[in-house]
Structure formats: structure tokens, C-alpha cells
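What follows is a set of notes on a single structure, which appears directly below.
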């Protein structure tokens, strides 16, 4: 059993960022900056409350008699308690004989066109540890994009206005950036685990490094661009942010309404239709927050039983990065046009080029990850570079065909012929044309896991953790 290092990192970032935000808010209060104090506390406490609710929902503490745990969650100490509980479970492994185990079947990565299934026993303690890892993977994403990303943007904006970086503000900005990048990394790993649930996924250190560099350049560039634009056009930054947010918030709902699928009822048995709607709105809210700063590896699909799109759509990714690059370039151009003497100490053209180059470097590391370091690249039905190239060629073709230079100017209409050939009213066959225009389906055929119980003791009871292990074994991070 692996050491729960991901849980430790998540709790450490959560605790450090909350502590730094509380300290910085006291300095703002001493300086009389009540607006900055209120926003700093807002971006620290709101994600903390969402993290407590997520941990309580995943562990289903409301249906169990655990008043002390619920009290600690109310006091915003839930992640620390869960971390200590996970370490206690890890330390108790092997000391007590398991009353029963679960056997899961996972397929290995195909080699020479063949894939073998491997059976593995999962005990009760390991199943609980899987639950903790799954819960903290999701809370890291929530903390990153609903708390750390707005917090970093706010503190960098204050630094630009005050032309200085204090020790407390600089510390909080560094922790927030690390939290965002780590949350994006966990989002990528979570997407891989969900999409390739039937396979035993082994992620190499080079894959972690590529994701870290990819997300670091992408997110840092996006935050700097938003801060520069908001520093010269304060009234226009709100429409830009809200437009981005609303587009990604309603996009999954529009696809859901177009599919005419029934309303999902299998999220949680104890939830009513109103509760399910609230959970789905929170999910799309988080999805919009992620796409505000970077590409979301987990694509929401409300008409899927798992609420996740398991197909790899290169075209959607290519369109996102093209539009985002154009948007960043436009915002930087507007900043360059409307910048004041406040930025006289900055060589503006060089800064614009550096930011665009940094975003391009982030895209480069993304290509390296999907082409060489992705753990499941052998399962791709199409090449990532070929898909992105085809999408780019298609967009260039559309732009070229719509250009007025390609249309003849002043050409005379053709003269009518003296004789008209007999008309043929037969309907032309377009079967071959429509077949060529069919979209490239990149979904993968995956077998379902087979899970069954093996009793190791005479007085063992069935159910309980064994069912949970089969459900959460794919979320091992």
C-alpha cells in the first residue's frame, strides 16, 4: 500500500493558505483597507466551507452517528481530522487480520496488441484509504479554482496598484499558485482514472513534471493577463469575467437539453430532485471556475451516468486553446493601448511578448505530455497531434473561404446557352458524401470491472466496505 502523500500535500496547502490569508487580512485591517480585508477573507472562507461540505458528503457523515466529526467540520478543521484518520488507517495495515477482502480485476496496458487482466485483493483498510484519497483529490480541485485562483488574482492586483509586494502578500501568492497548479494536476490525474477505469494506470514522474510545467505556465499567464487588463479597464473586466463564466456554466446544460436525456437520478439515493439540481449546479459552477483559468481535464457530461465525458475530444481542446490564446492577446493589446504613465517602469512590448511566449510554452508541455508521457497513450484511437492539426487546418480553411479576396470581383454572369439540355429530376445519391463527413469518434470500448467477495473468516459479515471499495477503487490517486 502506497503512502498517502497526496492527502498530506492537500492538507498542507489548505492549512498554509488559510493561515496566510488570515494573517494578511489582519495586516489589511491594521492599515485600514477594509475592502481588501473583506475580499481576502471571502476567498479564504468560502472554499473552506465548500471543502467541509464535500468531505462530509463523500464520507456520508450525515447518515452516521459521528457528532464530534461534524463539530470539527463546522469549526473548519475537517481536513486535518481526515488526514489524521487516513494516517491512522495506513499505520494499522497489516496489524489486524482482515475479516474479508474484495478482489478487483484490472487490465494492464496493451503490449503488442494484447492486454492481460490482473486480479488484486483489496482489504477493508485499503478501501477506506481509497475513499480518503478520492475525497481529497476533489477537495484539492475545489480549493484551487474556487479559492486559490481568485485569491492570487486579487493579491497580484493589489501589488500592481501599490507597486510593492509585502512579505505576507508574497507568501500568500506563492502558496496560492502552488495550490492552483496542484489542483490542476489532481484534476488531470482524476480524469485519467475515471476515463480508463478498467485499466491499471501507472503514472511516471515525467508525466507529473510535464503536467506541472504545463499548468504552471498556463495558469500564471492567465492570471497576469487578467490583472493587467483590470488595472487599466476596471469597468470592462467584469463583463469579460462574467461572459467567460456564463459560457462554461451553461455549456454542459445546453448539451444536456439538446440530448433530451432524462434528469439524472442516480447521484445519491437520499437526495431529492431539488438536492440533485443543487449538486449539478455546484458541479457546473466548479467546471466554469476551472475553465476560467485553464483547460479542464474533466469534461462534464450531465447525460452520462458518471457525469463525466469519457471520450478524448482533441477538437474541443484545440478550439479552447485557440480561442483562449486569441483572448489573451486581445486583452494584452487593449492593456497596451490604454496603459497610463503608471507603467512607465515596464517595457510593455517585451512584457506582452513574454506573456504570449509563456502561454505557448505551456501548450508545448501539454503536447509533450499527451504525445510521450500520457500513461494511456496506447489506447488513443487517433493521434493527438494529428487531431489538433486537422482542427487547425479546418479553421484556416473556414477563414480562407470566408475571406473576400477569394471571391471574384466584377466577373460577368455567364451567357445563357442556346440549347438547354434535358433536365434530370432524379435525386442524387449523397451517401458517400455524408459518410466522409462523419465525425471521428474517439471513444474507447472498456469492459466493466468485476468485483466479488472472498470470505476469509467464518463469522465475517457481507456488505459495507466491500461495496465501497468496488466503487472507489478507480479513484486511487
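Glycine is no exception: its Cβ is also placed from the backbone N, Cα and C atoms.
Unlike curated entries, TrEMBL annotations are predicted automatically.
Keep in mind the model is a prediction, meaning the values are calculated, not measured.
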- Could you tell me which of the ranges 129-149, 318-338, 381-401 is annotated in TrEMBL as transmembrane segment? 318-338
- Item | Correct range for transmembrane segment (source TrEMBL, candidates 36-58, 59-81) | 36-58
- Any residues 6+ beyond the ends of the transmembrane segment (36-58) with a Cβ under 8 Å from its own? 14, 17-18, 21-22, 24-25, 28-29, 70, 73-74, 76, 78-79, 82, 131, 134-135, 138-139, 142-143, 146-148, 150-151, 154-155, 158, 268, 282
- Task: Sort out the residues at least 6 away from either end of the transmembrane segment (277-298), same chain, that have Cβ-Cβ distances under 8 Å to it, and list them.
- Result: 50, 141-142, 145-146, 149, 180, 184, 187-188, 190-192, 194, 215, 218-219, 222-223, 241, 244-250, 252-253, 264, 267-268, 271, 307-308, 317, 320-321, 324, 366
